[in-house]
Amino acid sequence: HFRMVFFYFRLYELSSGAYLAKQYLSNYFITKLATAAVFEFPRRSDAKSNLSKLGQDVNPYLDKFIEEKSLAKSGLKALRWTTLGYHHNWDSREYGSEVGSRGTVPELLKTLAQEISKSFQITPVLNAEASICNYYPANIGTIGIHSDDSEYCYHPIVSVSLGLPAVFLLGQGTRDDPCHEILLEHGDIFIMDGKDRQALHAVPRVLDLDRALKIDENYEKKITAVEDKIVYEYLKQSRINLNIRQVN
């Protein structure tokens, strides 16, 4: 047993349905989650990644990062996504339904989905059937405007932010309409629900550590709380966004 959530966190709610919980996760759980996202999830035999799709092995990149502690020198910045459980097809924007096209969602993520369901009174409890782990190297990692409409249901999507801060845009209608501009930081949870469940959204920028420190002079201390020093080095150079989805 371990404490997953801080005793105190700040909660914001948009009238359109989304929730933002600032510094929701405990440092201990962040360490477990970040370590798994970097060193376990891409190596799972039933996971898929942008590297495995190209026939590349992630292990040499990870080994080199442990040695160099640099995304650029190790080549680990080439790792951009890992899918778990039901695998999302980026070309067709669908989930494969046949048994061979899906793996298992790690227990760590299932536990997180259950805890968040309790905290935010999500009923029925979110069934973690799929997860997409995105890796955003500072200043170069982005994702364009899109909506998450591949699932066959309307259960909320839970997103966890780890590492460097990102500018997150959440649409309020069409591409031409105004949008919410939100800074997602280390340890934040963002839940897309209600009208925001299928809203257009994008991540146009991930700030580097120097820019993060200009916003919050204690930002590096937040990341330093990660006990694994190799993972800490990764989070100083990148952002991880890990989302949990119910497909059916």
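Glycine is no exception: its Cβ is also placed from the backbone N, Cα and C atoms.
For 121-248, the entry in TrEMBL reads domain 'Fe2OG dioxygenase'. According to TrEMBL, the Fe cation binding site annotation covers His146, Asp148, His201.
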Using DSSP three-state counts, the residues of the domain 'Fe2OG dioxygenase' (121-248) come to 25 helix, 49 strand, 54 coil
State the count of C-beta atoms found within 10 angstroms of the C-beta of His146 (Fe cation binding site), not counting that atom itself.
10
Could you pull the average pLDDT for the domain 'Fe2OG dioxygenase' (121-248)?
90
